[in-house]
Every structure is written in structure tokens, then in C-alpha cells.
Amino acid sequence: MILPLIPTTISHQNRRPRPKFSVSSGEKAADTFLWRNKKISAGVLGVATVIWVLFELLEYHLLTLVCHVLIFALVILFLWSNAYAFINKSPLCIPEVHIPKDPVIEFAEALRFESNLAFTVLRDIASGRDLKKFLYVIAGLWILSIVGSWCNFVTLFYLVFVLLHSVPVLYEKYEDKVDPFAEKAMHEIKKQCAVFNAKVLSKIPRGPSKEKNKD
């Protein structure tokens, strides 16, 4: 299996250990994307599809959708609570809904950890020590901006969500056929990057490093 070739931006000594919840949550996400539990995966993809249809095709606004759902739910519950005596049915037991504290804290902690990691990576890129990494990030953001101009955020998010539910499971199924092709592609990309580095990046003058300044 091919490991993603992502340049390390934080040294192993300074890297903070990931929270324990990230392992379990990562396993649950992997099981969903790889369709280990088909009911959960289909349900998640179905909910995402419904949300995309409501916001993109039917052009619902978030506040309007929330209000309509609440109106429908309250009307049904109110009518059922008052009509049970006429239809000889037991009264409806509306459960109490409470938001548990632990999942909210775990989500906030995960968001804080990933945000701090992203800020650290951006700071390392903006420091000017690695020109190649800087150009890669600029190129990636530029390509992302072009893709974003083709469709709105909801459609882009839905396409990414669908890809996450299709590409991993297809790769797992056809891994033996994909790996040789990916190895050739990565070899060619490395070759072209080396040529670009030798002809362009190496000729760009750079400022003195911190070690030289200290001397």
C-alpha cells in the first residue's frame, strides 16, 4: 500500500501526541468511508444527498428549512397529543432531549487540536525556510480557488463527500492494480519536480539562514 507523500513540517520531537479520541473517531470514519457497515454508510450518504438536494436543487435556505422542519414536527406532535383520546390510542410519550457533554467536549478538543496544527503548518510555510513547500501550497490554493469558481460550497462539499465514500472503497478493492500505476505516476512527478527544482528553484537567491545570522 502506498503511503501519502506529505512533507513533514513539524519535527517528531516537537510534535504533540494526538488526543486519544482521534484514534477511535478515525476508525469510525474509516469504517464509514470503506462501507464496513453498509447501513451506516448508506444512511450518511443518503442524508448528505438529501441536504444537497434541498439546498442546491430546491434552493432552500438554512433558516427556512429549519423553521419548516420544526413547524411540521410540532404540528404532528401537537395533534397526536390531543387526538389520542378520540382514536383510542395511548398518549404519545415525547422523550426529553439532552445534548451529552462528552461528545461536545471531544469535538471541541479535536477542532482545537486540528486548528492549532493548521496554524503551525501555515506559520512554518510563511516563515520562508522552504520555498518548494510554499510554491506547492500556493499552487494548491490556486487550483482550489479555480474549482470553487465552478460550483458553490454546498456542491463542492457534496462532491468531496461522495468521493470520500467511493474512492477509498474502490482503492481497497483494486489495490493491486492501482499501486503499480500510482508508483509510476509518483516517480514521474518526482522526476519533474527535481527538474523544476534544478532549473528554477535552485537559481532563486535566498536570504541567510538563522544559523549564519547567529554566527
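Even glycines carry a Cβ here, placed using N, Cα and C.
Pulled from TrEMBL, these are the features on record:
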type     : residues : note
DOMAIN   : 29-214   : domain 'Reticulon'
TRANSMEM : 40-58    : transmembrane segment
TRANSMEM : 65-87    : transmembrane segment
TRANSMEM : 134-164  : transmembrane segment
Close approaches to the transmembrane segment (134-164) from elsewhere in its chain (Cβ under 8 angstroms; 6 or more beyond its ends): 7, 33, 45, 48-49, 51-52, 55-56, 125-126, 128, 201
For the domain 'Reticulon' (29-214), the mean pLDDT of the predicted model: 81
